[in-house]
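Per TrEMBL, the features are:
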ACT_SITE  HIS160  active site
ACT_SITE  CYS203  active site, nucleophile
DOMAIN    374-466  domain 'Legumain prodomain'
SIGNAL    1-19  signal peptide
Amino acid sequence: MGRGLLCLLLLQLVGLVVAGGGRWRWQEEFLRLPSSDEATRWAVLIAGSNGFYNYRHQADVCHAYQIMRKGGVEEQNIVVMMYDDIAHNPDNPRPGLIFNHPSGPDVYAGVPKDYTGDDVNVNNFLAVLLGNRSALTGSGSGKVVASGPNDHVFVYYADHGGPGVLSMPADGEYLYADDLVKALKKKHAGGGYKSLVVYVEACESGSIFEGLLPSDISVYATTASNAEESSWGTYCPGDDHDAPAAEFDTCLGDLYSVAWMEDAEAHQEGRLAETLRQQYRTVKNRTSDEGTYTLGSHVMQYGDMALAPQSLDLYYMDTSPATANDHKLAAAGAKGSHSYTVSVNQRDADLLYLWRKYRRAGEGTAEKVEARERLVQEMGRRSRVDRSVEMIGGLLLGGAKHKQQVVRERAALVEDWECLRSMVRTFEDQCGSLGQYGIKHMRSFANICNAGVPHHAMAKAASLACPSPPPLHL
């Protein structure tokens with residue numbers, strides 16, 4: 001039955017209820033029948049960065065989309081947000097294609113462009129998550145998560161991060177942890193889902209939920225790292241020209257992200273059911289470099305642990321024997337996927353890209369000169385940000401107290417989130433954008449807030465640390 005015809009029939013029945021008096025009970029029961037208990041699966045996939053040096057984030061999201069579709073999630077229920085400047089970037093050795101594994105398939109084909117370019121922003125992400133079309137800006141598709149009380153929602157965020165924040169493509173725009181958690185609480189209060197799962201790939205991503213995410217709003221989250229460490233890029237080019245990913249000057253994926261996706265593909269291919277808890281343990285083990293943490297991070301879980309035994313089939317997989325036959329995508333990622341990999345700290349992945357651009361360029365060429373200038377510029381920008389924050393912290397708190405985490409076991413990063421926003425704005429107004437590297441200093445600003453330093457003192461310290469605006473970066 002067409003949706004329009006069904007709506008017309010329901011309207012007619014409502015009219016009968018109003019006019020029919022004694023027929024109320026029968027009509028009430030009839031009106032409950034249409035699929036009120038059926039669950040719909042929804043997904044939001046967002047890459048919060050741009051630039052070819054951040055290739056991996058959009059590759060992660062494109063790969064995730066393919067997994068959602070293979071698992072039977074309807075296309076109209078998947079919202080994709082990515083800058084979309086990678087596939088046709090001049091630096092791409094495979095124009096029009098994106099790969100998340102050195103020997104894997106193209107993951108870009110068929111990915112919808114729901115929100116691209118400047119439409120990938122905090123406002124639109126929260127509007128999409130909350131199902132609030134009226135709050136959307138720009139020229140995106142208008143798709144939102146219009147979920148109901150019986151639905152299951154999966155959110156995947158791949159990006160740079162820092163203590164308490166996740167980045168967006170626009171310089172100086174951040175999704176603060178308290179805004180994300182407030183949105184989740186609001187969606188729960190409005191009956192917007194039965195259960196909701198969030199996977200976050202970012203440095204210090206544990207700080208997004210630690211001390212903030214309640215255990216009673218049916219949200220389960222895992223993060224690529226704890227609240228104090230970096231996450232890692234992987235499938236990066238190494239010194240061996242014959243190594244996987246050697247033709248690329250950038251990392252193809254992120255360690256936590258490819259871990260959960262390749263695990264999902266293996267289970268999907270083998271028709272093996274898996275729970276959220278089982279996947280968490282598998283991903284935790286792989287992301288920690290088989291438990292050593294020498295080249296990895298501590299994957300964490302937060303929120304409602306009662307959801308952990310749930311099957312992934314509720315969210316993005318379909319391991320029933322009667323489903324689709326073609327799983328070519330799964331085979332590439334699941335078999336021998338990490339026998340040889342180069343992993344790099346997320347914050348150093350752009351330096352690897354710039355260094356390889358410099359090495360690849362011919363001697364004496366304009367390309368060589370430009371590559372060297374960009375590398376020197378980025379190193380200088382990092383040094384300026386570090387010195388500025390160091391000086392401000394010393395002026396306001398003395399010593400190295402601004403670097404230290406205030407002892408707040410299992411508590412949120414900061415008591416006053418508006419203070420944190422204000423301190424960051426004050427710094428950036430005077431000293432320039434923190435950028436994807438500089439947001440690692442968010443803890444310093446949080447400690448300044450937690451120490452009760454007034455805003456005017458921060459403004460004065462910033463003016464002393466940064467008497468003139470710094471040059472633009474990258």
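Cβ coordinates come from backbone N, Cα and C, glycine included.
A gap of 6 Å separates the Cα atoms of the residue listed as 'active site' and CYS203 (active site, nucleophile). Taking a C-beta cut-off of under 8 angstroms and a sequence separation of 6 or more, the residue listed as 'active site, nucleophile' has the following same-chain neighbours: HIS160, GLY161, GLY162, ALA224, SER225, GLU229, SER230, SER231, GLN346, ARG347, LYS440. Counted within 10 Å of its Cβ, the other Cβ atoms near the residue listed as 'active site' come to 28, all protein chains included.
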